[in-house]
Structure formats: structure tokens, C-alpha cells
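Data first, discussion second: the structure below is written as C-alpha cells.
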Amino acid sequence: GWEIPEPYVWDESFRVFYEQLDEEHKKIFKGIFDCIRDNSAPNLATLVKVTTNHFTHEEAMMDAAKYSEVVPHKKMHKDFLEKIGGLSAPVDAKNVDYCKEWLVNHIKGTDFKYKGKL
């Protein structure tokens, strides 16, 4: 896996070069960071909302571009949303760590494959 940034914030190493997707990735980082800072129900709900919105946009772009890896990519999104959608506040450290690691590995390991293809 890739190094998990501390403090947990988006940096240039995560750029996918699609402005909307980069901005949405920043919001997911912030959503996870806010759950670290305050693992309350409103912060968890915000994380689920911004993640769902982002996945919808990213998948629409992949569909429009007829991106070849769209099916396994959507499955990863679905699995992650099921995981975070099933959490309840307060979110424990193990699940926060899971989210932190999943996002870093997903952007750098999976999203980076669509650079220049959407």
C-alpha cells in the first residue's frame, strides 16, 4: 500500500487531473478527517453523502468515456459504500483507519489508472 498522510489531508500526490474529481476527493479526505476529529453521527453522515456524490460523478464519467475498467471499479465503490453505510457513530479507530487506508489505496491504485482516459 501507499503511505497514509498525517495529518490526513489531500495533497498533490493524489491529483487525478480532473478538477471536479480532485475537488470531490478533497471532500472525502475532509470527511474522514472530520470523523477522526469528532466521530459523531453528523460527520459520518456527511462522509457517506460526499462519498456517494463523488462515486456517482466518477462512474458517470467512466461510463461516458466507455472506460474499460468500469465494472470492477464500480464494485469497489459499492463495497466501500456498503461498509461505511453500515457504520454507526461513534466510529471506532479501526473503521476510521480502514477508511483512511481504503481512500489512499483506491485513489493511487485504482483511480490513477483512468488518468487521461475519461
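Note: Cβ is positioned from N, Cα and C throughout, glycine not excepted.
Copied over from Swiss-Prot:
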- His25, His54, Glu58, Asp111: Fe cation 1 binding site (BINDING)
- Glu58, His73, His77, His106, Asp111: Fe cation 2 binding site (BINDING)
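Location within the structure of each feature annotated in Swiss-Prot.
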residue	record	DSSP (3 states)
His25	Fe cation 1 binding site	helix
His54	Fe cation 1 binding site	helix
His73	Fe cation 2 binding site	helix
His106	Fe cation 2 binding site	helix
Asp111	Fe cation 1 binding site	helix
* Structure fact -> Not counting His25, His54, Glu58, Asp111, residues with a CB within 8 A of the CB centroid of the Fe cation 1 site are Val16, Leu21, Glu24, Ile28, Phe55, His57, Ile107
* Do you know offhand how many angstrom separate His73 (Fe cation 2 binding site) and Glu58 (Fe cation 1 binding site) by C-alpha? -> 10
* Provide, as an integer number of angstrom, the distance between the C-alpha atoms of Glu58 (Fe cation 1 binding site) and His77 (Fe cation 2 binding site). => 10
* Structure fact -> One should report the C-alpha separation between His106 (Fe cation 2 binding site) and His25 (Fe cation 1 binding site), rounded to whole angstrom, as 11
* Structure fact -> Rounded to a whole number of Å, the separation of the Cα atoms of His25 (Fe cation 1 binding site) and His77 (Fe cation 2 binding site) comes to 13
* Around the Fe cation 2 site (Glu58, His73, His77, His106, Asp111), what further same-chain residues have their C-beta within 8 angstroms of the site's C-beta centre? -> Phe55, Glu59, Lys74, Met76, Ile107, Thr110
* List the Cα distance (Å, whole number) between Asp111 (Fe cation 1 binding site) and His77 (Fe cation 2 binding site). => 11
* Asked: Between His54 (Fe cation 1 binding site) and His77 (Fe cation 2 binding site), what is the CA-CA distance rounded to a whole number of Å?
  -> 10
